[in-house]
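**Student:** Structure in structure tokens, see below.
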């Protein structure tokens with residue numbers, strides 16, 4: 001470890017930790033960790049909540065069954081003989097015998113270990129011996145761990161802002177679920193329209209939470225809405241103009257409704273976060289600048305705003321690109337490993353993500369002039385009046 | 001005309017007219033980043049140590065976004081170090097969670113897409129899942145770190161008499177102020193992508209237990225929340241590193257003056 005890191009840790013961390021932590025904070029950390037531990041222990045004993053039969057693996061025998069060597073890819077198949085103990089239902093406490101097949105790569109199968117809890121379906125019940133198949137793994141424990149850690153880290157580091165971030169995520173998810181419920185209940189309604197309504201609510205709630213009831217918040221809200229809808233319009237026009245050429249709707253996942261509509265809704269909601277982020281950053285800086293030096297001319301203020309916007313624009317578009325594209329890595333690897341040509345694989349699996357990222361980026365860039373223009377309008381309108 | 005080309009052209013015109021030279025640089029950086037991901041995937045296909053490759057790719061991406069767009073200076077240097085440290089923490093944490101949650105590969109909801117493929121392809125999909133999560137958050141991590149470092153630098157230039165402690169605290173405060181909006185960017189990007197999944201769960205009337213324990217849902221939750229955690233932990237890390245670098249520099253320039 002380089003010396004400066006050691007110094008850094010010694011000087012800052014240790015001294016700070018003991019002098020700055022108040023009793024209240026220590027209480028918060030202890031309570032938080034305690035709740036986390038309690039929640040995790042609970043998930044180990046919540047089998048009674050499930051209607052589907054659950055079993056905990058107590059003994060495993062694994063044998064290698066086959067070595068695969070095809071298409072330049074080596075893989076091995078294994079077979080597991082599992083003895084597990086039923087955790088709920090009328091066979092609770094009895095042993096069940098299961099078999100499991102898995103491969104080294106584990107693309108669509110799973111290696112189990114002792115202590116795992118599995119969903120099973122019971123198929124035969126002989127004398128004290130149950131037989132059945134595995135239908136899935138119980139994943140609520142890791143989910144609780146990560147949710148708990150997320151809450152803890154955000155609260156510990158972000159304090160009040162962390163809490164707002166959590167509330168905002170929570171409200172947005174609930175809103176989205178309500179909106180989708182509405183959409184599914186009224187079959188005639190269009191997902192895009194429901195999405196638009198949701199977007200207006202998302203924006204108002206999130207921005208009010210982030211920066212409170214101030215003039216700049218209202219400016220940011222209007223700017224966000226205009227920018228996202230203009231971006232959507234551009235994406236729609238481009239879709240119509242090119243007749244969706246180059247877009248592979250067939251690669252869309254989990255489609256139960258017309259993909260074109262889902263796609264537009266995805267563009268709308270996906271870019272909203274970034275556009276809100278930029279709009280509030282810009283209005284905050286412009287208002288801050290204006291308050292610091294009221295003599296600043298409209299032109300100079302506009303120029304500073306553009307400077308700031310230009311600085312963050314690249315980073316914001318990056319966030320979208322990475323968030324979208326990363327999700328396609330597993331399926332692309334599967335295609336390539338199966339001998340699909342490179343170009344076909346990429347254009348088939350990335351087209352939707354790329355278009356979404358590009359449309360979102362257009363929204364981000366458009367946000368800069370729209371927000372700045374609106375801020376000027378509000379700031380200088382006020383000045384004329386006084 | 002291809003829609004990707006058309007949208008890319010529109011984006012280029014907008015970026016260059018609004019951001020000027022910096023806009024053009026940012027647009028080119030997007031291409032470079034895409035190139036890095038492209039080669040990363042190709043290497044993942046043939047090499048065994050895919051996590052190492054992805055980490056190298058992430059470092060390359062940081063280099064592009066920091067030193068190509070913003071050039072080498074105190075801000076970008078401290079951002080780079082912070083990103084490296086955060087990645088190390090995040091990856092070890094994701095490693096444990098991924099193993100626990102068994103979220104690698106494809107869920108049963110995705111069966112249609114992967115039917116017809118040979119699934120025994122010799123890539124450890126557990127590691128692929130880790131790489132996917134890391135790749136998804138790298139953009140946000142770099143963004144928030146750079147914002148903090150450059151604001152702290154600005155602050156330090158304007159009031160060089162600031163104490164170490166107050167500079168560090170200002171750094172954390174700046175970070176907290178942008179935490180909410182950066183996490184929002186991530187949340188919406190992910191939620192937008194999984195609209196269809198939510199509809200799927202609703203239409204096929206999954207129970208709450210089914211949803212929580214399904215592979216697709218778990219991996220989505222873990223991706224979003226890991227991103228949130230990464231964005232949060234990089235705040236104090238960046239504030240530390242930047243404070244340290246700025247002060248070391250100050251004392252160095254002082255001793256230069258004295259000698």
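Placed from the backbone N, Cα and C atoms, the Cβ positions cover glycine too.
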**Student:** Which range is it, out of A:26-44, A:45-63, that shows up in TrEMBL as transmembrane segment?
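**Tutor:** It is A:26-44 that TrEMBL annotates as transmembrane segment.
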**Student:** Out of A:217-239, A:263-290, A:356-380, what stretch is closest in contact terms to the transmembrane segment (A:190-210), meaning most Cβ pairs under 8 angstroms?
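**Tutor:** Per the Cβ count, the answer is A:263-290.
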**Student:** Does the structure show the transmembrane segment (A:142-158) and the transmembrane segment (A:217-239) touching, where I'm treating 3 or more Cβ pairs under 8 angstroms (sequence separation 6 or more) as a contact?
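**Tutor:** The answer is no, given that the two segments have fewer than 3 Cβ pairs within the 8 Å cut-off.
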